[in-house]
Each structure stands twice: as structure tokens, then as C-alpha cells.
Amino acid sequence: MTTPSTSTAPKTLYQKVWDAHVVATPEGEAPIIYVDRHLVHEVTSPQAFSGLKVAGRKLRAPEKTFATMDHNTSTRSASLDALSPMARTQVETLAQNCKDFGVRLYDIHHPNQGIVHVMGPELGITLPGTVIVCGDSHTATHGAFGALAFGIGTSEVEHVLATQTLRQLKAKTMKIEVRGQVTDGVTAKDIVLAIIGKIGMDGGTGYVVEFCGEAIEALSMEGRMTVCNMAIEMGAKAGMVAPDQTTFDYLEGREFAPKGEDWAEAVAAWKALKTDVGAEFDASVVLDAADIAPQLTWGTNPGQVVAIDAPVPNPADEANPTIRASMEKALDYIGLTAGTPMTDVAINKVFIGSCTNSRIEDLRSAAKQAKGRKVASGVTAIVVPGSGQVKAQAEAEGLDKIFIEAGFEWRLPGCSMCLAMNDDRLEAGDRCASTSNRNFEGRQGRGSRTHLVSPAMAAAAAIAGHFVDIRKPY
């Protein structure tokens, strides 16, 4: 068995967090790493808890496991009667498992209940330098705090519950630097969509990505979470941003963040969580923030994306036959014609929410577009806050009234229309401006057509009835 590296060579942020968590490296096997926080929800945990019961095992560290109900909960009612039979079984099973194993649960009646990747950070469960896992592919969200966070499968969920460790191969490192500052109307969602458009859906495969540069540093924690949330959409194992004063200001005073003298000690340690001068990455990508316009997807994966002032791409212009065929297939499904201005594309549904864009900053941005206006005739638009805390804050600021007066539906927290796993889903043929993270075929409902955009772009589309360039009057 080998021991963790004690090299004094310059290290990347990822390498520092990784090295601090390697428990053992058995010869010829994947390293074993320690897990600081384990987040669970109702969909990927039942089999894991069942496996523990069959084996007669207890949780290794129940105090480091946090559960919520989010994926298939209703955003119309907090009553169990509002759930489908399968959804009700899943939430009731999670409640019983948490009771049996001593796990802290934020159920549908708890004021802090919400989407796992919204709730965790706002409670201070997510901290810099920690390893965080969850049975959900968008766990990379927490990397915005300088944590190493990634999704795991159900069998791995069971393993972490039982041992608080995980076998994991070390990833390669990639630096994605966004230089300069974005212009007005360009958000974190536009930045990450532009990145995916540049490197493709598989450009980050095998890597842990560190996002850096002036444009990233200028983002709020909400914005950084949006960027890291979609690291998986470029194929990356995880995404990370080095913690700084913005991070510390966000975390201070939150329920599970260190307090008193422990806080000062923690911040001192967190300040060392940055890539050393001279550290080498396996790959690097650079974007100029000034070149990024508001983005939206035109096809059936997040990499099929263009600027709002561009037309629908023409597959005939693509030299690679495989990519060309993929573009043709996407256009056929999405029902668009090459050369059509994206501002001419009409929508009939709008979804503002998801673990990508349901935080208070996102809702403020959308409300700014909606204030004093009305949702277009024939358009149904819903706003789903990411957690009970976000909902309460938005209502305290009067954002709910702005949305309701404009004709939007104001809902309860949950994953909602991000995925067709609950009652919020699209019908075949619907075209939706969505602030979620995936636009795959059928993602929001069988035959549904999804265009990924920022909250501001989604709200503007709801008002206009079609996509608009929010940098211009409409």
C-alpha cells in the first residue's frame, strides 16, 4: 500500500483537496478517499438504505449525511396526497430510512426543504476544501465553494453511508479561464453555455475543471454555482472555483458553517485553497468575456448553443460528418430550420427554476424583466424557487407579487420541470424557454422541446412570446 504524496511541487486547487482526502492507495487499486458531506434525496437512496438493512450495517457518520425531498415532490401542494403513488412511496421511504438511521431530513413540510444543491450551500453544509457526494449528476454545483463535489451511483451511495469513504480514480486537471468582464445582459448561465459551446459536451471528459479568470471572480456565489452546476454538461467529473472573500462572506453565519474562533481558523485555512503559481494543468481553455453574448440552445444537447443574435446553424456548414448528422437529427426533433434568427423562435412554455437557476439572484434577474409587464397570450410560465429559504426571501422582497401580477405562476420549492419525474412536465410539441441544465430529447416530457437560457432571457421570452435579445428594448 502506498502513502499519499508529500511532494512540495506546485499544486492545483483540485490536487490540494484530493491529497488531503486520500485515506489509502492499495497497490493496483483505485485510491480510497474520505467523504466530508453526503447529500441524499428520495430517488437514488432507497436501494442504498435497503442494502444496509439487509447487511445489518449502520451509518458510519450519520451526522455527515443530510437528506431532502426534491426530485418528485409537488410544487403545487405540500400534501402527500398531491404526489403520484410512486413519488409518495419514495418520499415516505426516505422519511422512514432517515428515522431508522438517524439522518437529518428536510422533508416537504420543513421550512428549509429544497433542491439538494440549493439547500446544501445556503445552510452552510457546503464548505471549502471538503469532499461532497450525492446520488445526483449535478453535485458539481458545490464546487463553487472550492469543494470537490461529484455525483455517485446508488451502489456508491450505500458504500459512503456504510464507510464514509469512496474508491475513486484521480482525474486529470483542466483550467478554464474567462478573461475580462462580461457586458450588460450577460450572466453566469451565458458564460457556462458559451464554454460548453466552445469545448463540446465531451470536452471535459476525464477532467476536474477549475474555472478562473476575472469574469469568474466577479460572479456572486449564486453565479459560480450556476457555472459549476453545468460542469457535468461538458463531460467533467467536477467543477471548482477557488474560495475568496466572496465565498467567506456568503458562508459566514450560516447554520453549519464554523462559528467563533473556529470560523477564523477555517478562513485562514481556506485562503490556502488556490492553485499555486507554477502548477501545471493537463489542459487549458481560454475565453474572452467581452465576446460572450446572451446564449440559448438550439438543439438537443447543451453544446448545441448559439448567441441570441445568431441564426440557427446550418448542418451543411459542418465538415465533420458525424457532427453534421447529429445537427440534422437535432433540428428535426427540435423543429427548427437552419438560418432562422433565434429571435424569431416562438415559445409557449417558460420554466424558471432548477438547481442551475433557482436562487434569489436568479429570481431577482427574472423579476426585473417581468416587472410591469404581462406574460404573452398563449404562454404558460412558472417560477419555482429552489428552497424554502429562497421562497421566503423572494416573498419578503415582493418578487412573488411581481411575477404573479405579470401572469407567472409562483410555486413551492422542488426540482419541478427540470425533468419529467413529477407533475410539472411539458406536453409533446411544447417549446420551452428553460433555466435548467439539460435539453435532451424528452427531458421535460415526451416530445418536449427545450431551449436552455438564463433567468432573464426566460422571463423576457415569456413576456414577448419568443426569444429576445435582452440587451435591446423589446
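Heads up, residue numbers simply count up from 1 along the chain you see.
Using the three backbone atoms N, Cα and C, a Cβ is placed for every residue, glycine included.
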Report summary line: Among Cys355, Cys432, the candidate listed by Swiss-Prot alongside Cys415, Cys418 for [4Fe-4S] cluster is Cys355
Requested in this report: Would you count the other C-beta atoms found within 10 angstroms of the C-beta of Cys418 ([4Fe-4S] cluster binding site) for me?
Outcome: 29
Query raised in the report: If you count Cβ atoms within 10 Å of the Cβ of Cys415 ([4Fe-4S] cluster binding site), leaving out that atom itself, what do you get?
Result: 31
Query - Cβ contacts of Cys355 ([4Fe-4S] cluster binding site) (under 8 Å, same chain, 6 or more positions away) - result: Ile115, Val116, His117, Val118, His138, Thr141, Asn229, Gly386, Cys415, Cys418, Asn437
Query raised in the report: Taking the mean position of the Cβ atoms of Cys355, Cys415, Cys418 as the [4Fe-4S] cluster site, which residues outside that list, in the same chain, have a Cβ no more than 8 Å away, listed in sequence order?
Result: Asp70, His71, Ile115, His117, His138, Gly353, Ser354, Thr356, Ser358, Gly414, Ser416, Leu419, Ser436, Asn437
